[in-house]
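**Q** One structure is given below, represented as structure tokens, and several questions about it will come after.
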Amino acid sequence: MTGAIDILLKVRGHQRVPSDTKEFHEATKRDALIRLRKDLDNLLHSADDDKKATVQKEMCGFEALFHRFLQEDGPSVEWDKIEKLPQDAVKDYSSLKTPQESEIRAMLDKLVVVKLNGGLGTSMGCHGPKSVIPVRNDLTFLDLTVQQIEHLNKKYSANVPLVLMNSFNTDEDTEKVIRKYKGFQVQIYTFNQSCYPRISRDSLLPVAKDFNIEADIEAWYPPGHGDFYQSFQNSGLLKKFIDEGRDYCFLSNIDNLGATVDINILNRLLGSDRQGDKPIEFVMEVTDKTRADVKGGTLIQYEHKLRLLEIAQVPKEHVDDFKSVKTFKFFNTNNIWARLESIERVLNARTMNMEIIVNNKTLDNGMRVIQLETAVGAAMKCFDDGIGINVPRSRFLPVKKTSDLLLVMSNLYSLKYGSLVMSPQRMFPTTPLVKLGDNHFSKVKEFLGRFANIPDLIELDHLTVSGDVTFGRGVSLRGTVIIIANHGDRIDIPAGAILENKIVSGNMRILDH
């Protein structure tokens, strides 16, 4: 049977639709919204009294998102309407000026640092929030973030607060962990992003029966980082920081180890490098696209405004154009600088219309559900005077897989006040391309068990490892190295081995005797 979702997801484009069909679709939408409202009311009644006010705000947000989802007819971007990026739309980082030392403290005191901390470490085989996975010298993502901000506060006698946006998946564990930072010179605030009900693909109704999230965690989801703006306002923190006289927030993923507070960007926003009478309301840090980044979102000019274009919005026949490094030179790092008063204005005017990402899932019981999400960078088009800044690749160092972990644990980097600095011994500032086989390397514990210690990667360009492979102590990998152990075979790379532009395959076991 065709589900309600399939009827609603038909892209009608420019076809002429018979009026009775059109009326049927409109009636289906009206009916879907009425039934959803009824179900949301029932869920609200089942919430604890002390949580009702919060839940009501969130359910209003979900209803608005669902309503927009029903209204959207076809692609959000018409390919032929994409305009060439204006000359000054993306500033080159090298054109930014470094401020005087004496100006820095005043600028930092107008800044809030926000880290997106809603993700779990499950894809890397870890329990709890991803931010508590050790990444270097037994320090976690969260430890490094706190160290970075404490260093800024101490060096410049400033007071930059750290704000963590948690999800219902990470909130409880994060609250326990941050107690250990009590003695540090960093004020830490937390708030939760919304908790939205997953809806059945067939009925378009919530699969949850009541508001007991712990009892039926599969029925709920955090709706992507685009939810930041509304949840930040709902928490009261947006107003608090505006009242304190703070001007901007710098927002990034907690697993991007390159996303540190940049004094030169701050100077363009608030200091002597500021240009024109109007304040910049929104900055998206972009970096040069390589063949490894073809799926990343890019910046486009559309309807006279800069906006984020994600691969999910691209019509199938233009996906190759989207992936082209020549056509779209930049991709979004998800490092965002936004003016607090502008966020408040856009939210109060109800003009925060980010593209909806429809994420299809199948639950453990086989039920097909959808979750409606938004991306934080997609809000760019809602602001005035937004710019892109083309930053060095070093500001984009995400740890999504153990292959990324191998790089950040290696001698390619050293640690300085919580920030990773690339070794001056490396000839080129680019990071090597590393692919580790999922079957043997995808989980952190398993990955660490395959290295006696992390190899020397200073001269590595490309590493591919597949199959049952282990590495002895003091191994050095240079140039392009490909190691493939066939099914049933095992390769032990001996201690002290130097592999330079080598392909190793077959079976090579080192047995203790």
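Placed from the backbone N, Cα and C atoms, the Cβ positions cover glycine too.
If you look up TrEMBL, you'll see LYS130, GLN193, GLY224, ASP255, LYS400 marked as UTP binding site. As annotated by TrEMBL, substrate binding site applies to HIS225.
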**Q** If one measures from the C-alpha of LYS400 (UTP binding site) to the C-alpha of the residue listed as 'substrate binding site', what distance in angstrom results, rounded to a whole number?
**A** 16
**Q** Any same-chain residues 6+ apart from LYS130 (UTP binding site) with CB under 8 Å of its CB? Would you list them in sequence order, or say none?
**A** GLY119, LEU120, GLY121, MET124, PHE141, THR170, ILE254, ASP255
**Q** Return the residue, from the listed binding-site residues HIS225, LYS400, with the maximum count of other C-beta atoms within 10 angstroms of its C-beta.
**A** HIS225
**Q** Taking the Cβ of GLN193 (UTP binding site) as the reference point, list residues of the same chain whose Cβ is under 8 angstroms away and which are at least six residues distant in sequence.
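**A** Residues satisfying the criterion: GLY118, MET165, ASN166, SER167, PRO222, PRO223, HIS225, ASP227, PHE228, SER231.
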**Q** Among LYS130, GLN193, GLY224, ASP255, LYS400, listed as contacts of UTP, what is the widest Cα spread in Å, to the nearest whole number?
**A** 21
**Q** Which residues in the same chain, at least 6 apart in sequence, have a Cβ under 8 Å from the Cβ of GLY224 (UTP binding site)?
**A** ILE357, GLU373, THR374, ALA375, VAL376
